[in-house]
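Since the structure comes first, as structure tokens, the remarks are kept for the end.
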Amino acid sequence: MTELRHRGGKDTEPPLQPQTSEDKYTEIMKADSGVPEVPVPPDDTPVVLISVLTVCVFFFRWKNWWVRGILTLAMISFFFFIIYLGPMVLMMIVLCVQIKCFHEIITIGYSVYHSYHLPWFRTLSWYFLLCVNYFFYGETVTDYFFTLVQREEPLRILSKYHRFISFALYLTGFCMFVLSLVKKHYRLQFYMFGWTHVTLLIVVTQSHLIIHNLFEGMIWFIVPISCVICNDIMAYMFGFFFGRTPLIKLSPKKTWEGFIGGFFSTIVFGIMLSYVMAGWRYFVCPVEFNNDSNSFQVDCEPSELFQLQDYALPSILESVTGWTTVRLYPFQIHSIALSSFASIVGPFGGFFASGFKRAFKIKDFANTIPGHGGIMDRFDCQYLMATFVNVYIASFIRGPNPSKVIQQLLALRVDQQLHIFNSLKTHLTEKGLLPAVEEAAA
């Protein structure tokens, strides 16, 4: 009987389920990857904000909506304030945001790397960040503020040997990395070396493009960033109130209703914002260094891109509105392209970030901004937008810059300047332009 009881007890145990190949693959990956889950940071919503919102009956349902909304307004207010302070302050803010984004991504890598007690990873990561910023900012200063560089002897020397110094700095870091290699962990160390360089490519390179856009005129900085912010807000609101149809599996909360609503809202917002800003020289003029006042200035004669022009309306719109023409700034036409990219392609920067976070099983890059996550969570679309704007300006807007050509000519030796003068004089004479100029002068 006892034996039968034992058999009966064994028979009541549930049969073992056959292990599928996918389960085996998951177990192997967990065992061999050596990548622990990144700990999820706690909710750091300010206690004061929670105490204020608790009076609302619907607080528990609307908590995230209110927190995101209040802090979004605070960030927008801060954005207006730094715009008022001018382009140089904006450049410093971009640098600070870049450093914070780099820190958030590297911290995720360090949470994986630290368990092996391998040396120099964080030190080398920040060293490479310093090297890359030195290279890019040096290139920017030499390109946009050539007269300032040529006037100061130390800057002229640094400018002349800038690329060699940058390469020497990077080469030092490269040698330090090779010396830090530890037996049995080569693969992981090269993996983290690649992690650092991809982070530099995504964050630092595109931050450099943002600063280039800023120096072309603050309107090329403010309108694209504002369009991304508008699309993010409106897509969230349309999705929150009307969202029913999932858009992409990487971001389950994204919906087609939010995507479409954000698109049309961003187009209208971009056209209106461009109309307001295009009439102000402070926003449309490039940043230049004035030798007379010994300071950076934003003042110029606006180009045709920022002057009102009459455009004939198509017959369909003419019959609806009763207008034959409409006065617009040409920049408003370009703003449609910027707004379209911000609302159609820009979100893929967010989807890319969502895939990255899912790979490490984290919700946000950090918990810097309650309700929003880390700084990188707010700028994942901005970096992609910055690259597009820079390419767009180079392809469709920017032409030869006479002032830069003159600056480079003045930096040449006297005999080189005379040679270029004679060559240009010969060319204009052959074209028949120089006599006409001389007669007009006479």
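Backbone N, Cα and C atoms are what each Cβ position is placed from, and that goes for glycine too.
What TrEMBL says about a protein is an automatic prediction, not a curated fact.
Annotation source TrEMBL lists compositional bias 'Basic and acidic residues' at 1-13.
Positions annotated as region 'Disordered' by TrEMBL: 1-22.
The annotation transmembrane segment is assigned in TrEMBL to 69-86 (among others).
Per TrEMBL, the feature transmembrane segment maps to 92-113 (among others). Distant neighbours of the transmembrane segment (92-113): 34-36, 38-39, 82, 121-122, 125, 129, 133, 188, 192, 195-196, 199-200, 202-204, 207, 210-211, 214, 360, 362, 365-366, 368, 374-376, 379; these residues of the same chain sit at least 6 beyond its ends, with a Cβ under 8 Å from one of its Cβ atoms.
According to TrEMBL, the feature transmembrane segment maps to 120-137 (among others). Beyond the ends of the transmembrane segment (120-137), by six or more residues, the same chain brings 95, 98-99, 102, 106, 109-110, 113-114, 162-163, 165-166, 169-170, 173, 176-177, 180, 189, 192, 196-197, 199-200, 204-205, 208 to within a C-beta distance below 8 angstroms of the stretch.
The transmembrane segment annotation in TrEMBL covers 164-182 (among others). If you look at the transmembrane segment (164-182), the same-chain residues 6 or more away from its ends with a CB under 8 A from one of its CBs are 118-120, 124, 127-128, 130-132, 134-135, 138, 158, 189, 193.
Positions annotated as transmembrane segment by TrEMBL: 189-211 (among others). Beyond the ends of the transmembrane segment (189-211), by six or more residues, the same chain brings 91, 94-95, 97-98, 101-102, 105-106, 109, 113, 118, 121, 124-125, 128-129, 132-133, 136-137, 140, 177, 180-182, 221, 382-384, 386-387, 389-390 to within a C-beta distance below 8 angstroms of the stretch.
Residues annotated as transmembrane segment in TrEMBL: 217-238 (among others).
The transmembrane segment annotation in TrEMBL covers 259-283 (among others).
Residues or ranges marked as transmembrane segment in TrEMBL: 331-353 (among others).
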**Request:** Go through the chain and flag residues at least 6 beyond the ends of the transmembrane segment (259-283) whose CB is under 8 A from any CB in it; none is fine as an answer.
**Result:** 217-219, 222-223, 226-227, 230-232, 234-235, 237-239, 242, 247, 298-300, 302, 306, 328-329, 331-332, 334-336, 338-340, 342-344, 347
**Contacting positions for the transmembrane segment (217-238) when only residues 6+ beyond its ends and CB under 8 Å are counted** = 68, 72, 76, 79, 83, 87, 90, 210, 254-255, 257-263, 265-266, 269-270, 273-274, 277-278, 282-287, 298, 306, 331, 335, 338-339, 342-343, 346-347, 381-382, 385-386, 388-389, 393
